[in-house]
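What follows is a set of notes on a single structure, which appears directly below.
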Amino acid sequence: SLLEFGRMIKEETGKNPLSSYISYGCYCGWGGQGEPKDDTDRCCFVHDCCYGKLWGCSPKTDIYFYFRKNGAIVCGRGTWCEKQICECDKAAAICFRENLATYKEEYHSYGKSGCTEKSPKC
């Protein structure tokens with residue numbers, strides 16, 4: 001669910017997921033269109049694509065379990081959907097951490113009106 005995803009983001013980046021990622025660029029937050037603005041926004045685009053492959057699952061509300069082993073996120077027990085949602089969220093949280101150096105404040109609270117280019121394919 002969004003709660004676990006938020007906790008993962010906080011653990012991986014040290015950033016508050018709501019204030020830092022909820023409306024970043026063209027793809028972070030609800031919906032998405034246009035060309036991702038940078039690598040962090042591309043993390044969100046890939047995350048949206050990952051969720052899009054999970055037919056019959058409810059990524060925003062399905063609760064899943066994860067733990068850490070030697071600092072790494074490990075998706076734990078649960079249904080197929082729960083495990084797949086966890087893997088999508090894990091990949092995005094790691095992507096955010098790997099792109100912290102290029103995170104741009106100018107893309108925080110970015111208006112979707114600036115996202116008019118053709119959207120890339122997943």
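Just so you know, glycine gets a Cβ as well, placed from its N, Cα and C.
Here Swiss-Prot annotates a disulfide bond for C81; of C49, C50, C57, C95, the partner residue is C57. Of the listed candidates (D38, D39, D48), Swiss-Prot assigns D48 to the same Ca(2+) site as Y27, G29, G31. Only one of C49, C50, C122 is recorded by Swiss-Prot as the disulfide partner of C88: C50. Of the listed cysteines C95, C115, Swiss-Prot assigns the disulfide bond with C26 to C115. According to Swiss-Prot, C44 forms a disulfide bond with C28, chosen from C28, C49. The recorded disulfide partner of C49, taken from Swiss-Prot and restricted to C95, C122, is C122. Listed in sequence order, the recorded positions near C28 (disulfide bond) (C-alpha within 10 Å of its C-alpha) are H47, D48, out of H47, D48, D89. Within 10 Å of G29 (Ca(2+) binding site), judged by CA to CA distance, lie the following disulfide-bonded residues from the set C44, C57, C75, C88, C115: C44. For the pair formed by C50 (disulfide bond) and D89 (active site), distance between Cα atoms is given as 9 Å, rounded to the nearest Å.
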